[in-house]
Amino acid sequence: ALALIPEAISFSILAGVDPRVGLFSSFVMAVVIAFTGGRPAMITAATGAIALVVAPLALQYGVEYLLAAVVLGGVFQVLLGLSGFARLMRFIPRSVMVGFVNALAILIFTAQLPYLTDVSWLVYPMVAAGLAIIFLLPRVTTAIPAPLVSIVVLTGLTVAAALTVPNVGDQGELPDRLPFFGIPDLPLTWETLTIIAPYALGVAFVGLMESLMTAKLVDDLTDTPSNKTRESWGQGVANIASGFFGGMGGCAMIGQTMINVKSGARTRLSTFLSGVFLLIMVVVLGDIVALIPMAALVAVMIFVAIATFDWHSLRTIHTMPRSETIVMVSTVAVTLITHNLAIGVAVGVLVACVLFARRVAHLVE
């Protein structure tokens, strides 16, 4: 729960909405997926992948359209789950998966640049100090999440020294109440559907890809099986609930899931309690959270970008088959150009299919 707070706030800002939207999303999704998910101990909350998908929609049309897209995306996920989409995941080439995570990392990093331009010079040493804590603290102890320590230290320094730097409170109002059910306020027309449908499809596909990849990782770590079909439609139910309770949607979180699993969690109770404790801390400690300097969150997000990027793919790019390199680079390039992970993955799969067909044709000849 402690590790969820900074990233939920950061991803809210990444999506162009106030922090309450990401925090409500993380709480609702963690609680719902504890009952509907197919992979016990996996943490689901607001994520950078989904934030990047819905950010253009929120910027152009507002938060109500975002909420509607999340609900529709959840419906798509339920339908995909019931139709056996999880079984199709094994046909997505590894090179597309690598391109997906690398593009995600690059987009998360570039999204931090606005918070590093036209700001006080104090922001830069604070970001550097935050990154130093995040990378060096695990060498001393792993009992406390390093990103959390970084945020506490930088917040304490900012308050104690009365530093004038942008903080979370400047980004929007934090919640002081429980989320409540509400239907997105927008016209129910065909035009509205055509606006939100592409983003809803992005939420559905990107969310399922990241969730099923994370579930596979937890399966391997714990040597236990998961029900990926149930996880697929369970993610959909969680996103539907998130949209109706004012959340921005989300999917499985690799970093927080690793914290949970490596701490010994193996059941749904850990997922449920992470959401409950998150809400309690934010509602009760909202005034303190508002004091967190944006430099601390930027440091966390840069760390997330670095940890997400598959550095092994760069070290082995010269030894990889040329076709795999082309697929990976195509996935990354299209994603960066369109700022849409779903389109990037679709193009990557298409390129992989074309290259495979070309190879088969040569063999036949």
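Backbone N, Cα and C define each Cβ position, glycine as well.
Ranges compared are 188-208, 251-271, and TrEMBL records transmembrane segment for 188-208. The transmembrane segment (326-357) shares more Cβ pairs under 8 Å with 97-115 than with any other stretch in the list 20-36, 97-115, 188-208, 276-306. Residues in the domain 'SLC26A/SulP transporter' (2-119) partition by DSSP class (helix H, G, I; strand E, B; coil) as 92 helix, 2 strand, 24 coil. The average pLDDT for the domain 'SLC26A/SulP transporter' (2-119) in the predicted structure is 88. Within the same chain, the transmembrane segment (188-208) stays apart from the transmembrane segment (20-36): fewer than three Cβ pairs sit under 8 Å, each pair at least 6 residues apart.
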